[in-house]
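Undergrad: So Swiss-Prot lists these for the protein:
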type: BINDING; residues: Gly110, Ile134, Gly135, Asp136, Tyr137, Val138, Leu139; note: S-adenosyl-L-methionine binding site
Amino acid sequence: MFVMRCDFVSIFPEYFDVLDISLIGKARRNGLLDLRVHNLREYSEAGRVDSSPYGGGPGMVMSAEPWARAIEHIATGESLVVFPSPSGQPYSHDLAQSLSSEMHIVFCCGRYEGIDNRIYEWTATRLRSSGISIGDYVLNGGEIAALAILEGFVRFIPGVLGNPESLVEESYQYNLLEYPVYTKPAVWRGLEVPDILLSGNHDLIREWRYKKQLEITQKTRPDLYSTHIYETDS
C-alpha cells in the first residue's frame with residue numbers, strides 16, 4: 001500500500017497540531033499518510049537560527065546551516081524538498097495532483113525576512129527541490145502555506161476522500177470553478193433552491209451546473225475561462 005511521508009521543519013512546530021483533525025487526521029490514523037514535525041532549533045547551535053542580513057536592511061535572516069543539517073537528517077534520495085515562498089512557482093490543481101504521487105516531501109517553513117539564499121543553491125545540487133507560492137501575498141512564515149499545499153494534494157491520494165467522485169466535479173477541474181450547491185430546506189428565509197435542481201432530470205441538472213460553472217469562472221477568473229474555452233475548441 002502506498003504511504004506518503006511528509007516532514008515539516010519549522011521553528012513553530014505547534015502550528016502543525018492541526019494534522020490530527022479532519023480528513024488529514026483520519027488519513028494519518030488509517031495509515032495513508034506518515035506526517036512528522038521537526039523543530040529547526042534542534043539542528044542549530046544553542047537554538048540560534050537567524051542573524052542580521054549582509055548589506056543591511058530590516059529584520060533577521062534565517063541561517064543556512066540549521067536548514068542544511070535538518071535536510072541532511074530528514075531527506076533521502078527519493079525526497080522532494082519544498083520551500084513555501086512568494087517567489088516560488090504558483091500552486092495549482094495540476095501541481096497538487098503531481099505532488100500527490102511523491103513518496104516523500106520535506107517542507108522547509110521559513111520565517112523572518114527569509115532564508116539565506118545559499119540554502120536553495122545547496123539543496124538544488126543534492127536533491128530535487130522546489131519553491132511553491134500559494135498566492136501573491138506575504139505571510140509571516142511558511143507554515144500556513146505548507147498546510148495549504150498539503151490540503152491541496154492529499155485529496156488525490158487514493159483512500160483519503162470518502163467519495164472519489166468528489167474530485168471530478170470540484171473547482172479547477174477542467175479549468176472551471178465549481179457550480180453553486182444547495183441542501184435542505186428547499187426554502188430558507190425566503191430564498192429558494194433553483195427549481196431545476198428539484199426536477200429530478202439529471203441531464204438538465206448537468207447542463208445547468210455546467211452553465212453556472214462557465215458564468216462564475218468568466219466573472220471571477222477570466223484567465224481560467226479563456227483557458228477552458230481554448231482547450232474545448234482545440
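Backbone N, Cα and C define each Cβ position, glycine as well.
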Undergrad: Max Cα-Cα distance in Å among Gly110, Ile134, Gly135, Asp136, Tyr137, Val138, Leu139, the residues listed as binding S-adenosyl-L-methionine?
TA: 17
Undergrad: Which chain-mates of Gly110 (S-adenosyl-L-methionine binding site) that are at least 6 residues away have a CB under 8 A from its CB, listed by sequence?
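TA: Counting only residues 6 or more apart in sequence, the Cβ neighbours of Gly110 (S-adenosyl-L-methionine binding site) under 8 Å are Met62, Phe83, Pro84, Ser85, Gly141, Gly142.
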Undergrad: When you tally the Cβ atoms that lie within 10 Å of each candidate's Cβ, which of the binding-site residues (Ile134, Leu139) has the highest tally?
TA: Ile134
Undergrad: Long-range neighbours only, meaning 6 or more apart in sequence with Cβ under 8 Å: which ones does Tyr137 (S-adenosyl-L-methionine binding site) have?
TA: Pro86
Undergrad: Near Val138 (S-adenosyl-L-methionine binding site), which residues of its chain come within a Cβ-Cβ distance under 8 Å, counting only those 6 or more away in sequence?
TA: Pro86
Undergrad: For the binding-site residues listed here (Gly135, Asp136), which one has the lowest count of neighbouring CB atoms within 10 Å of its own CB?
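TA: If we count Cβ atoms within 10 Å for the binding-site residues Gly135, Asp136, the smallest count is at Asp136.
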